[in-house]
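Student: What follows is a single structure, and I will ask about it in a moment.
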Amino acid sequence: MTQTTESHPQGVRLPRAKATALVTPEQVAASPLARYRTLVDDWDAFAAAIGRPLAPCIWANPTRISVAELAELLAEQGLDAQPVPGLPAALRLPEETKAGRNWWYCAGLAHAQEEVSQLPAMLMDLAPGQRVLDLCAAPGGKTAQIAFALGNRGTLVANDIAHARIKALQGNLDRLGVVNVTTTCCDGANWPSASGQFDRILVDAPCSSEGTLRRTPSLLPRLDPDSALRLGPRQRALLRKAVQRCRPGGRILYSTCTFAPEENELVVADILAEHPGLLRLVPASIPGFIAMPGVTRWNGRELPSELAHCLRIWPHHRDTGGFFMAILEKDPGCADEPTPEPAGLDDTDAAEWLAGLDDKYGLGGDYWTRYRANRQTRRGLHLMAVDHAPPAVPVAESSGLFFHRTNVRPPKPSTGGALLFGRDVTRFGVSLDAEQRDRYLRREIFDPTPEQRAATPTGQIIVDYRGHVLGVGVLHRSGVIESLFPSRWSGCAA
Ligand SMILES: C[S@@+](CC[C@H](N)C(=O)[O-])C[C@H]1O[C@@H](n2cnc3c(N)ncnc32)[C@H](O)[C@@H]1O
């Protein structure tokens with residue numbers, strides 16, 4: 001019988017994805033997913049859901065816009081964005097929407113992330129002041145959520161084994177204006193003890209990804225029933241390391257986007273058994289979200305009843321992807337470790353550059369006091385929350401946001417930097433109309449209006465659309481505006 005941690009929300013109409021079957025129920029029944037027949041409460045509904053495309057979902061960047069204001073912007077554009085019960089910052093978009101191609105996405109007002117992927121950060125019981133580790137972080141949707149739940153202050157370390165994926169993560173953090181994250185690139189299973197302990201650790205483990213089939217139907221013929229067994233050792237090693245690096249009384253959230261019990265409850269059960277008395281499985285529930293308890297019996301193996309405290313999200317219950325989560329709490333009475341000295345972030349010439357920016361853009365004398373800046377590359381300066389204190393090991397890929405290029409003439413704020421401080425400039429700011437906005441995002445040269453030209457001295461400018469900063473441009477003496485919007489972000493062009 002179906003058990004839910006929360007009853008169906010009444011009176012909320014969710015837009016349903018179009019009924020075009022990308023994968024037929026017969027194909028689902030003939031695939032390795034058939035082994036979950038005994039776990040799923042309504043097999044036909046499950047198989048039908050797997051065949052439907054997934055509507056995209058975004059969340060509003062709390063440092064830039066409220067979800068109500070974002071919904072209004074989308075409505076003006078003719079996009080019917082629906083609230084998502086249980087996810088107060090989220091909006092579900094019509095199925096065909098390409099969120100990343102919109103100006104509001106380029107301006108970092110929102111981030112696209114599957115609904116179920118937004119749940120772990122909500123279950124981590126996050127609060128400003130906590131020291132947090134995201135062990136498998138790229139491409140960083142959850143990292144950004146955690147960063148904002150910490151108030152964009154303090155210390156969050158985001159690690160991934162894949163260097164190219166860390167680049168993508170950094171791009172997302174820059175666009176959203178995250179200043180409290182240090183990124184590292186190492187095997188999470190060998191995460192160094194010298195980094196100290198963390199109040200919260202997210203292990204969003206690499207998995208067989210069965211729960212993403214609605215987004216990537218081409219995965220179905222490639223599903224391999226043995227992959228769950230192959231991934232298990234790595235998942236256990238990552239979770240074991242998280243147990244070691246978690247503070248007494250701290251919490252670990254283990255999650256996957258797969259249905260396989262071998263990658264979910266069996267991993268959690270083994271780690272609990274390896275640490276008798278050290279860990280407690282915290283009952284998890286998400287108000288407004290239908291979830292099933294973890295399984296306690298699989299393939300003839302009986303698991304301790306507390307495994308029911310895990311959460312399973314099946315696609316047919318809320319028209320979502322599939323997901324699994326477990327919250328582990330470490331015994332508050334176990335031995336504590338002192339927090340090691342943080343990395344030395346050499347701030348040599350930063351103050352001079354900050355004063356220069358202050359001077360040019362009229363930001364106000366104490367503008368930069370909430371930040372610290374330093375030089376991590378020859379290209380220029382990074383900006384971090386003033387209390388950001390990453391560990392000295394492992395060596396960081398980068399800390400904070402690359403915000404000012406100083407190795408070019410004239411020096412120029414990066415687009416991420418402009419998005420961060422641009423709305424506070426009192427000089428050299430130009431507000432564009434909708435046509436100019438689109439030309440700016442397409443990296444074109446365009447004419448300012450006579451009023452824009454008269455109001456702004458020539459030189460580097462920060463451009464915005466309706467108060468939302470888009471990036472940096474140059475108002476040339478010849479009277480045209482040149483877009484300096486980065487080519488690698490130009491997928492955003494309207
Ligand atoms: C499910 S994805 C993480 C998604 C991410 N948390 C997010 O919300 O965007 C799993 C990630 O684990 C990384 N990974 C795989 N093995 C790893 C390991 N041994 N240590 C650290 N990261 C690993 C992969 O490169 C991949 O980016």
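We count from 1, first residue shown onward.
Cβ coordinates come from backbone N, Cα and C, glycine included.
TrEMBL entries are annotated by machine, without manual review.
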Student: Same S-adenosyl-L-methionine site as C136, A137, A138, P139, G140, G141, K142, D160, D187 according to TrEMBL: which of D125, D174, D199, D204?
Tutor: D204
Student: Just counting, how many other CB atoms are there within 10 A of the CB of D187 (S-adenosyl-L-methionine binding site)?
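Tutor: Taking all protein chains shown, D187 (S-adenosyl-L-methionine binding site) has 15 Cβ neighbours within 10 Å.
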Student: Considering all pairs of residues in C136, A137, A138, P139, G140, G141, K142, D160, D187, D204, annotated in the record as contacting S-adenosyl-L-methionine, what is the maximal C-alpha distance expressed in whole angstrom?
Tutor: 20
